[in-house]
Amino acid sequence: MPGGGVGLVGLIDVNRVEAPVTVKAYLLCAFAAFGGVFFGYDSGYINGVTGSSVFIELIEGPAATKLSGPNNSLITSILSAGTFFGALIAGDCADWFGRRPTIIAGCVIYTIGCILQAASHGLALIVGGRLIAGVGVGFVSAIIILYMSEICPRKVRGALVSGYQFCITIGLLVASCVTYATENRTDTSSYRIPISIQFAWGLILGIGLFLLPESPRYFVKREEIDKARGVLSRLRGQPPNSEYIEAELAEIVANAEYEREAVPVTGYFSSWMRCFSGSLWVAGSNLRRTVLGTSLQMMQQWTGVNFIFYFSTPFLQSTGAISNAFLISLIFTLVNVLSTPVSFWAIERVGRRPLLIWGAFGMLVCQFLVATIGVTIGFNKTHVDAAGTTIANNIPAVNAQIAFIAIYIFFFASTWGPGAWVVIGEIFPLPIRSRGVALSTASNWLWNTIIAVIAPYMVNQDAGNLRSSVFFIWGSLCTCAFIYSYFLISETKGLTLEQVDRMLQETTPRTSSKWRPKATYARETVEQHYGEKAEYGSSA
């Protein structure tokens with residue numbers, strides 16, 4: 001049989017029982033998920049730092065009370081711009097050097113960016129440091145998802161990959177706590193402390209990854225079958241010659257051979273163009289999967305969640321309705337953290353597709369309620385008292401808006417937050433998986449950048465001054481996400497990555513939950529090469 005002598009034991013029933021999930025497997029994946037802290041902390045600390053009076057004066061000059069729209073936009077968005085390019089570069093590096101070395105390289109680049117930010121005395125180094133750190137975050141955010149999807153057992157893959165989003169929320173929470181603790185400092189430590197804490201994340205993940213194994217599917221892609229077997233043995237806690245290991249390896253190898261024969265790669269540019277092969281109207285084509293992955297990450301950003309985490313402090317301050325905007329932002333972040341673990345259970349019990357559909361519905365209802373209350377009796381209705389302070393006319397209405405924003409965050413954190421990352425790690429076939437996940441992650445950061453650039457102009461008083469009306473925009477986009485989920489998201493719960501590959505070829509999103517595997521790639525490969533029907537359960 002092609003593929004380095006993998007035994008026919010891989011031809012057993014499609015519903016075969018996987019190797020028992022070990023504590024070691026949970027720990028390996030949980031540690032890999034720690035990469036989400038990079039994303040979360042870098043996204044979260046800037047929200048508080050841009051509200052620091054010391055930082056504002058550093059950027060704008062003495063006596064300044066707020067960042068200008070262009071500077072706020074540049075400082076916030078430049079990290080996402082770096083991450084966009086980092087994610088694209090990481091796709092190549094993951095195929096050339098491996099998943100694990102690429103993540104370690106991202107940690108090194110990230111640390112260099114942190115050093116530049118901590119040493120800054122003005123706008124230039126802050127921007128340059130965030131750009132370089134963003135490249136590192138791009139490496140980590142793209143390849144961690146790829147790596148986790150390839151090493152996780154199928155029965156808990158969704159829950160474990162959701163751990164990445166949970167670590168993002170932990171990063172956001174830590175950033176909020178740090179900026180809240182330093183907001184009243186009157187020296188440069190008010191922004192240097194939040195920046196410097198980033199060093200810890202790069203060191204922890206970079207050093208720890210030296211102890212983790214490489215992805216077995218990377219070795220299969222390079223036709224190093226013995227190494228793939230050894231890694232699978234380590235991941236599953238089984239002997240290398242175990243029937244569990246042989247069965248799983250046989251299917252990975254056969255699927256990789258099937259994909260290589262279907263669309264041969266002849267060079268570097270051909271390998272990228274392979275992501276766009278086939279027709280958009282053909283189920284399971286590479287082009288359709290690439291469009292699905294990139295658009296899914298776009299829709300996640302369109303929900304408007306990063307408007308809350310990037311700009312909630314200056315936005316709430318501008319309304320005059322909140323006495324301590326830092327504290328409210330901290331509460332939002334805490335809701336985000338506590339809600340995400342709901343997805344650990346729901347994504348495996350309920351499934352990916354229902355979670356995204358109903359999550360989008362819950363978000364759109366909350367967004368429209370926030371907007372409607374705001375333009376009628378809430379945020380938008382204020383007066384100036386005798387001391388010149390802007391005061392909300394109706395405090396209970398403002399509190400209701402804050403409550404619905406918190407409920408909106410619950411829906412996002414328990415559905416679209418982790419769900420989008422889980423799906424992009426599952427839908428791509430092995431030959432294009434690293435580049436497909438990289439393109440999808442780059443899409444996330446591209447739209448993240450766009451939102452970070454335009455949001456200040458939407459809500460600043462000297463620009464769009466939309467105030468609560470901005471939530472009509474996010475509510476409309478969440479409506480688009482609801483429709484998108486219903487028509488385009490397939491159910492991948494409980495399937496191996498190789499079975500997902502076949503399911504996408506044989507079904508439609510609305511019927512995908514009823515699909516069941518009928519054959520294995522390994523079985524079909526043997527029948528093709530030997531011209532005979534192989535019996536289930538046979539062994540070499």
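Glycine residues also receive a Cβ, built from the backbone N, Cα and C atoms like all the rest.
Just so you know, TrEMBL annotations never went through curation; they're auto-generated.
Annotated features in TrEMBL:
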- 21-41: transmembrane segment (TRANSMEM)
- 28-493: domain 'Major facilitator superfamily (MFS) profile' (DOMAIN)
- 73-90: transmembrane segment (TRANSMEM)
- 102-119: transmembrane segment (TRANSMEM)
- 125-147: transmembrane segment (TRANSMEM)
- 159-181: transmembrane segment (TRANSMEM)
- 193-212: transmembrane segment (TRANSMEM)
- 298-316: transmembrane segment (TRANSMEM)
- 322-344: transmembrane segment (TRANSMEM)
- 356-380: transmembrane segment (TRANSMEM)
- 400-424: transmembrane segment (TRANSMEM)
- 436-459: transmembrane segment (TRANSMEM)
- 471-489: transmembrane segment (TRANSMEM)
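Note: the stretches the transmembrane segment (322-344) and the transmembrane segment (159-181) are in contact (3+ CB pairs below 8 A, sequence gap of 6 or more).
Using the rule of three or more Cβ pairs under 8 Å, pairs at least 6 apart in sequence, the transmembrane segment (125-147) is in contact with the transmembrane segment (21-41). The stretch from 193-212, 356-380, 400-424 that makes the most Cβ contacts under 8 Å with the transmembrane segment (159-181) is 400-424.
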